Amino acid sequence: MAPRPGRDLVPPLLWSLSVFLSLPGPVWLQPSPPPQASPPTEPHPCHTCRGLVDSFNKGLERTIRDNFGGGNTAWEEEKLSKYKDSETRLVEVLESVCSKSDFECHRLLELSEELVESWWFHKQQEAPDLFQWLCSDSLKLCCPSGTFGPSCIPCPGGAERPCGGYGKCEGEGTRGGSGHCDCQAGYGGEACGQCGLGYFEAERNASHLVCSACFGPCARCSGPEESNCLQCKKGWVLHHLKCVDCAKACLGCMGAGPGRCKKCSPGYQQVGSKCLDVDECETEVCPGENEQCENIEGSYRCVCTQGYKQIEGVCVKEQIPESAGFFSEMTEDELVVLQQMFFGVIICALATLAAKGDLVFTAIFIGAVAAMTGYWLSERSDRVLEGFIKGR
């Protein structure tokens, strides 16, 4: 059994342990400070004023059928005033116009309460729009729609259609903001009146612009096809109105811009900082008879000219198969039956004409029967007729 420490050693050990635990630990043992949340963005005073007016109007709707609550509405309205325009109704609406947690609303209401009372008792008839009278004309916190800034100047594109209808004007309707247009995807320019990078004009008239997407790697283009590229995105090079993968054309692309190459891959020619496809077909590279060169990206291939096909590496003329006879698929037995039917039809037709008593047709009928009988009995008749039917 191991010896136990003496009692006189316990207090010093406990004191040392408490001192050790009180010391600051290494950096990796110290808890990381909690992330500091970014302070919430305060709403623009115009938005606060608009919210106050909206809440005020809802309060008016809520109290439109109320009265003084004394029980004798007719006497109260005769002696006191109409509840509709009374101070009692105004107080009831103002008490609930701001939520308890909306500090900005309470602060604005405190600053503008006298103005609201002035409007309620004196200005309602001549200025029925409380938002316009309070927020724009009196407090000068807001601007008319389509304008911005301290002087309420029009947004780019005009107050009627700010940003051309294809974007949002920063600060629109307020006394702040820069008036910069945040354009929708596919649109650009100061007033969103142009197509952005990667898009082209599909349709335009005096008031309408439609921007459609370019082919994948095209940064600027004249249409949706692969061969409509005018400028390529980073990592691609432009060649014959097509964007070629920089990794395919270059041995190491520079990061300073799209299509900048350090060295070109085989089949590409260095022109400045770009690699352009070499047209190998400009030289004699397909010496075979009836061959022609076809240029492809980064290389070429030899193909046969029209009317020839490649067989074991040689271009030979294509053989046009002879057209088969109409009855070429018939069996031997079917041919025999068809021969008998053919001769039977001819003999019946001649017999019909001869039965009319015409000596000419009778003579022809007898001669035909004799000739056909002799021909039928010969071996050559079978071969000739069979060849005729089969197209041989």
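Note: Cβ is positioned from N, Cα and C throughout, glycine not excepted.
Just so you know, TrEMBL annotations are computer predictions that nobody has curated.
Annotated in TrEMBL:
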| type | residues | note |
| --- | --- | --- |
| SIGNAL | 1-29 | signal peptide |
| DOMAIN | 153-193 | domain 'EGF-like' |
| DISULFID | C183-C192 | disulfide bond |
| DOMAIN | 277-316 | domain 'EGF-like' |
| TRANSMEM | 335-354 | transmembrane segment |
| TRANSMEM | 359-377 | transmembrane segment |
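Other Cβ atoms within 10 Å of the Cβ of C192 (disulfide bond) number 27 in total over all chains. Counting residue by residue with DSSP, the domain 'EGF-like' (153-193) contains 4 helix, 11 strand, 26 coil. Counting every protein chain shown, 22 other Cβ atoms lie within 10 Å of the Cβ of C183 (disulfide bond). For the domain 'EGF-like' (153-193), the model's average pLDDT works out to 94. Secondary structure of the domain 'EGF-like' (277-316), assigned with DSSP and counted as helix (H, G, I), strand (E, B) and coil, comes to 3 helix, 20 strand, 17 coil.
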